[in-house]
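Some notes on the structure that comes next.
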Amino acid sequence: MLKVENVKKAFGPVTVLDGVNLTVNPGEVVSILGSSGSGKSTLIRCINGLEKLNAGKITVDDFDVSKPKELAEARKRSGTVFQLFNLYPHMTALQNITLAPIEVLKRPKAEAEAEGRALLTQVGLGDRADAYPAQLSGGQRQRVGICRALAMKPRYLLLDEVTSALDPEMTSEVLDILAKLAKDGTTMVFVTHEIEFARQISNRIVFLEKGVLLVDLPTEKFFAADGGLAQPRVAQFLSKMRKD
Amino acid sequence: MRLDLTILIPHLGFLAEGALLTLEACALALIGSVILGMLVAIARTSSSKWISRLAFLYVDLFRNIPFIVQLFFFYYGLPEIGIYIDAFTTGVVALSIAGGAYASDAIRAGILAIDNGILEAAEVSGLSKRVTFTRIVLPIALRTSVRPLGSVLINMILTSSILSTITLNELTGQAKIVASDTFRPFEVYVVLLVVYAALTYLVSLGITLLHRRLNRDLQEQVS
């Protein structure tokens, strides 16, 4: 279980997360919606330990990310895919994927590479294993980024606006893969602006507004008139996003 | 006066000995200064205030003292307090220390230019600091710093001629002897010009190849 309890985070005088509570059970797909600056990405960065909490507690399968000794275990259980891919530019697609399994999980190189190639094949990049990031398109890079996270066999996949830097065609390449992962039962925390897609794959939708978690509802309920839409801020956000 | 290189033929072996010594000293100093440069670059980017301060002090100190003064201090000054080091070792150490100060600048710039997101990706995947540094930070930093590093190394080869002032008869030292033996400084120094130019050209060629190899993913854009 991934548990966020009363988390507060401020950057200087600016409060970004103000008492957020969230629980993600294995097998669930939880999408986090909210306008830019609402704290969505910061929440992900708190879960994977890139930001220190000011208050509250985050545990990944009972490992507390605020405790240095437990952070390593917590990180083994979660994999992050970034908005700007953040691939290692000097390594091939395959090397990007196998580095952590070999160095952190101490997997034999041949095994890690075989698994890496299998992952690349799954995302339709079986023939680009030896390409460098600079030789790949944005959509291809992000698919490598997803493989890199999956190679660590995480229990929770954290996706931080993974399609925001892609054009619509590349976005659909990446979303197709996420849909497949969701169908296979991968647990995901999905920060996104792709509302329709979130609606299709999520079990639950969470709405953040100015660092406060306003709504946390099952997907159907979120889009129902007596559910999430009853919240004026959610209704406003959804109608604005649909117009764009 | 006319250029007659044939008068140097009897002295070629003697000059080659000097050239070999220059090569040896430069090769060792090259390794020394790159290793030192890396360590100091790490120290300068360290989060520990004292370590980074110390590293900055080293760089500022050795960049602001003429090389010949450093060299004389090591070779003629240190024996006064009981530290004797032979000329070759002194030369290599002095070149490494001076070169290391400049090399650290080039490497540090490469490290600072690395996109923070890449480091975050390494961090969340659980890579240790050591692995992150050796497998990610250093190789990416070298991609950009290999060219400025090349200039530092070339400058070091040129500076190595100063080692002749501490009785180390490397290329320039031997050439001085031949010039005074033959009374033909013109020919001798013509040869010296060509040999130094060839040496540094080889190094810059090597740097270009290394740069291409490190940036092989960007082949089209770079070359």
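For all residues, glycine too, the Cβ spot is worked out from N, Cα and C.
Feature transmembrane segment, per TrEMBL, maps to range B:149-168 of the set B:129-148, B:149-168. Listed by sequence, the residues of this chain that lie at least six past the ends of the transmembrane segment (B:81-103) yet keep a Cβ under 8 A from its Cβ atoms are 21, 25-26, 28-30, 32-38, 40-41, 58-59, 61-63, 67, 70-71, 74-75, 149, 152-153, 155-156, 159-160, 163, 166-168, 170.
Contact count against the transmembrane segment (B:188-210) (Cβ pairs under 8 Å) is highest for B:149-168, out of B:20-43, B:55-75, B:149-168.
Beyond the ends of the transmembrane segment (B:55-75), by six or more residues, the same chain brings 40, 43-44, 46, 85, 87, 90-91, 93-94, 97-98, 100-102, 104-105, 159, 162-163, 165-166 to within a C-beta distance below 8 angstroms of the stretch.
Below 8 angstroms of C-beta separation, residues 21-22, 25-26, 29-30, 33-34, 37, 67-68, 71-72, 75-76, 87-88, 90-91, 95, 98-99, 102-103, 106-107, 142, 176, 196, 199-200, 203-204, 207, 211 of the same chain, each at least six residues beyond the ends of the transmembrane segment (B:149-168), sit close to that stretch.
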